[in-house]
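Asks: Quick one: the structure is below, questions incoming.
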Amino acid sequence: MAKAEKLVVEVVAAHNLMPKDGQGSSSAYVEVEFEHQKRCTRARPKELNPVWNERLVFAVADPDDLPYRAIDVGVYNERGASVAGGGTAPHGRNFLGKVRVPAAGVPAPGEEAVPQLFTLEKRSLFSHIRGEITLKIYRTNSGDMVVKSKPEKPVKAVVSGPEVVAAPPINGAKKQQQQQPVVTVQPPPPQPEAPMDNLPPPAPVLMKPVMLADPYPASAVFSGPGDFSLKETRPRLGGGTTADKASATYDLVEQMQYLYVRVVRARGAAAVGETVAEVKLGNYRGVTPATAAHHWDQVFAFSKETIQSSFVEVFVRARGSDDHVGRVWFDLSEVPRRAPPDSTLAPQWYSMEDRKGERGAVEVMIAVWFGTQADEAFAEAWHSKAAGVHGYGPLGSIKSKVYVAPKLWYLRVCVIEAQDLIPMDKGPMSIGRYPELFVRAQVGSQMLRTRPAPMAVNRGPSSPFWNEDLMFVVAEPFEEFLVLSLEDHVSPGRDDVLGRLVIPVSSSERRWDEKAVVSRWFGLDRGNVASNNSNRFGSRVHLRLSLDGGYHVLDEATAYSSDLQPTGKQLWQPHVGVLELGVLGATGLIPMKARDGRGATTDAYCVAKYGQKWIRTRTVVDSVCPRWNEQYTWEVFDPCTVITVGVFDNCHVDKLASGNTTLAVRDNCIGKVRIRLSTLETDRVYTHAYPLLMLHSSGVKKMGELHLAVRFCCGNAGNMFHAYVRPLLPKMHYIEPLLVRQVESLRVQATNVVAARLGRAEPPLGREVVEYMLDHRSHLWSMRRSKANFFRLVTVLSGPITVGRWFELVRSWHRPVHSCLAVFTFLVFVTMPELILPTAFLAMAFTGLWRYRVRPRHPPHMEMRLSHADAATVDELDEEFDTFPSSRGDVVRFRYDRLRSVAGRVQTVVGDIATQGERMQALLSWRDPRAALLFSIACVLSAIIAYAIPMKVLVALWGLYAMRPPRFRSRMPSPLMSFFRRLPSKADSLL
């Protein structure tokens with residue numbers, strides 16, 4: 001007879017629970033229900049991170065029915081007496097969260113079980129729940145439960161901050177890891193600033209991943225270090241008290257001292273042939289390219305912290321020879337120090353010693369000096385930390401560069417009509433068929449087509465009429481051609497070409513406002529060779545071509561765009577300030593590659609994008625804690641914009657160094673940071689370590705920390721405050737607005753154009769870098785993003801819901817004093833209605849002033865919980881990282897892609913609604929200090945005006961203004977609406 005089975009649920013611990021006792025804490029206990037059996041743990045008083053380590057046992061009626069059963073786990077706050085193990089729940093309790101675990105995956109008797117971390121879920125839409133719970137669930141035979149063993153000593157693990165106690169790893173965990181992927185949560189360092197590499201190996205907490213076939217999929221757990229917060233740092237910017245004149249320009253980075261050696265050329269070595277110059281400092285050695293003219297003009301930079309010798313040597317050698325034809329050396333104690341804005345140090349001729357130590361005929365022109373990264377030679381110099389990289393190609397790929405994105409235009413092709421078309425198909429099948437005529441237009445890789453021409457009473461089949469606009473994105477200089485083909489859709493898969501036309505894009509007329517350009521007739525060519533000869537064939541097409549310079553070509557999402565200026569520079573507004581960015585370095589980067597002899601490492605570089613200016617720092621080779629200390633500056637034309645800074649791993653170093661240039665190499669993305677300028681106080685230096693979060697198909701992971709110094713300087717306060725009431729986008733976006741479906745399509749085209757042009761620079765900026773910085777996949781469907789936007793909306797609606805609950809509390813008279821005060825206030829406002837608006841405006845003004853004390857002191861950053869990245873399941877992440885169109889099979893491709901396309905629009909709408917609500921909250925949150933100041937002043941003035949003018953007059957004026965005739969209305973948005981659209985939201989904090 002088979003033994004009866006028992007289901008064991010070990011409740012280990014919970015983390016970061018919601019306080020529900022009114023005193024900032026909770027007395028939590030766990031209630032587990034399985035097949036109408038309920039068991040409870042003891043309550044842990046006044047603890048938001050309770051630890052139980054209690055074992056709850058349930059009888060299993062039929063083990064074969066387990067795949068169809070589920071285990072319901074609820075966490076509650078006790079408001080009554082203490083709960084004994086295995087007892088009943090108290091009468092009064094508060095809900096803290098729930099988890100439903102399918103019993104199908106519970107290990108059978110004798111199989112190994114591991115603790116699992118589950119995110120607590122809400123009971124209803126408006127439940128305020130947070131936290132996680134650790135459970136260990138397994139099955140055992142009845143005979144194995146006779147003796148209740150003493151629980152093992154728990155192992156501490158930290159998940160995102162506070163401590164959580166979990167059961168120790170069991171024997172066989174290593175075998176479990178080999179069979180399926182396992183997520184490991186490791187504790188952070190004991191001190192926030194301590195490097196992760198110096199910590200002892202932590203005891204991991206192993207968690208079983210979510211399988212796609214589970215009927216109730218649990219949330220996947222984030223992996224990596226647990227500290228996802230923003231840290232304020234205090235670096236020694238500008239050199240501190242020993243700063244030199246370079247600090248006036250480079251005051252947002254730490255000074256880095258370098259020894260510069262500039263080798264210009266040599267003379268007297270004509271008989272040797274091709275020569276190279278070699279600079280040697282201790283164990284470091286730099287070599288110039290070989291040249292027969294003995295002219296190199298190469299600068300070598302040796303970091304002062306790596307100097308291991310008291311002198312530097314310069315050799316001139318024949319190509320391929322180990323013997324030198326000349327040698328000269330310099331004592332480092334005699335080397336002068338240079339600091340900009342001093343002029344460059346003039347090189348001098350020095351006689352070189354031969355192999356016998358005697359002065360020979362060979363002379364070399366050299367300049368040697370000490371300087372900092374502010375030196376003009378820094379960007380193009382060979383650096384000692386890149387000593388393992390040789391050759392022009394690899395060295396060029398690791399240098400710092402500034403890129404200017406191409407100037408983008410919208411090309412508007414208005415297809416009006418065509419005349420005298422000659423059909424291609426004159427057979428019997430064409431009799432009685434009305435032709436489906438359309439125009440296909442192509443510019444580069446962009447291809448669009450019009451709708452089929454509709455039937456008209458006064459027009460025949462040979463004179464179709466469309467009057468349809470096709471929009472393309474083109475970049476200066478205009479190298480592309482517009483290729484038009486007029487086609488007839490005869491049958492599925494068959495389109496007959498009735499004529500072709502090729503027009504240079506540069507010949508299109510430019511326009512800056514809503515005035516239409518003059519339309520023109522173009523002759524069509526029925527042959528393969530394009531021609532504009534309208535006399536050879538009678539077919540022609542009527543077009544209106546224009547390059548629209550009054551629009552801003554969007555290559556980023558409008559929620560976190562870095563530039564809102566129109567294409568035409570004559571339409572630009574004056575700049576309002578200057579943005580200065582100091583890229584200090586990074587710490588704790590995840591190794592991205594394995595290199596022979598040096599283990600796992602990373603070749604990291606930084607890319608920052610604001611407006612048309614892209615910057616790329618130099619690549620620090622073989623370092624997981626790189627130090628760049630490079631400073632850059634941008635002009636700011638609109639304070640309500642966002643700068644994006646990304647970190648990447650340079651994969652071209654190994655490719656170019658090995659000589660293998662046939663394979664396409666893509667740089668690895670490590671993470672990025674967005675900073676909204678309007679959230680920064682003017683002239684304040686922000687120095688923080690930003691967590692680099694990266695979403696993978698296995699979950700979110702912290703890839704390291706990026707250290708930045710940011711300062712926003714205001715050049716003109718009047719222009720700054722005036723920018724808040726200007727329309728967000730240029731005038732043409734409101735006079736002739738683009739369709740919603742056009743905006744996203746044009747943004748994808750703009751991303752492709754920018755990536756193609758920046759890929760032609762030297763060194764090229766990879767397409768993967770440009771697409772990651774511009775967030776080109778943000779418009780695609782993602783269940784995780786949809787959940788994040790939905791919960792943003794729930795957070796925004798929580799305010800009105802709280803007011804409604806307060807009103808119900810007043811009506812219930814549970815608190816008579818509050819109810820009496822509310823009734824008295826209501827009667828006062830009914831008696832004197834002129835006090836309503838002044839009181840409301842003054843209340844908002846004083847609320848804003850009161851919240852000034854607790855205003856945010858740090859810029860926003862990527863938030864894991866706001867992005868809902870920690871609760872995304874494996875299935876959701878697999879869908880998010882799927883290609884578009886889908887690569888999951890031809891059977892479901894069409895329906896799947898259609899669903900994702902529609903759901904992507906719903907996701908965008910939900911995000912826009914949440915953005916509007918968050919902007920309302922930003923009016924008094926001081927997230928944008930200038931906007932909050934303007935709003936507080938406006939509230940005070942509105943209160944005075946509302947008090948001075950009778951309410952009836954104000955209502956009458958408002959009604960007359962709202963119902964004014966259309967001729968007195970402007971198509972431009974009002975200053976209040978423009979001010980509101982510039983307020984910050986949390987959209988730029990989403991992953």
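Positions of Cβ are set from backbone N, Cα and C atoms, glycine also.
If you look up TrEMBL, you'll see 1-118, 390-522, 560-690 marked as domain 'C2'. Residues annotated as region 'Disordered' in TrEMBL: 172-198. What TrEMBL records for 186-198 is compositional bias 'Pro residues'. Marked as transmembrane segment by TrEMBL: 790-807, 819-846, 933-961.
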Asks: So what's the mean pLDDT when you look at the domain 'C2' (390-522)?
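Replies: Mean pLDDT across the domain 'C2' (390-522) comes out at 86.
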Asks: Based on DSSP, tally up the residues of the domain 'C2' (1-118) by helix, strand and coil.
Replies: 9 helix, 54 strand, 55 coil
Asks: List the helix, strand and coil residue totals of the domain 'C2' (390-522) as derived from DSSP.
Replies: 12 helix, 66 strand, 55 coil
Asks: On the DSSP side of things, how many residues of the domain 'C2' (560-690) fall into helix, strand and coil, could you say?
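Replies: Residue counts in helix, strand and coil order: 14 helix, 63 strand, 54 coil.
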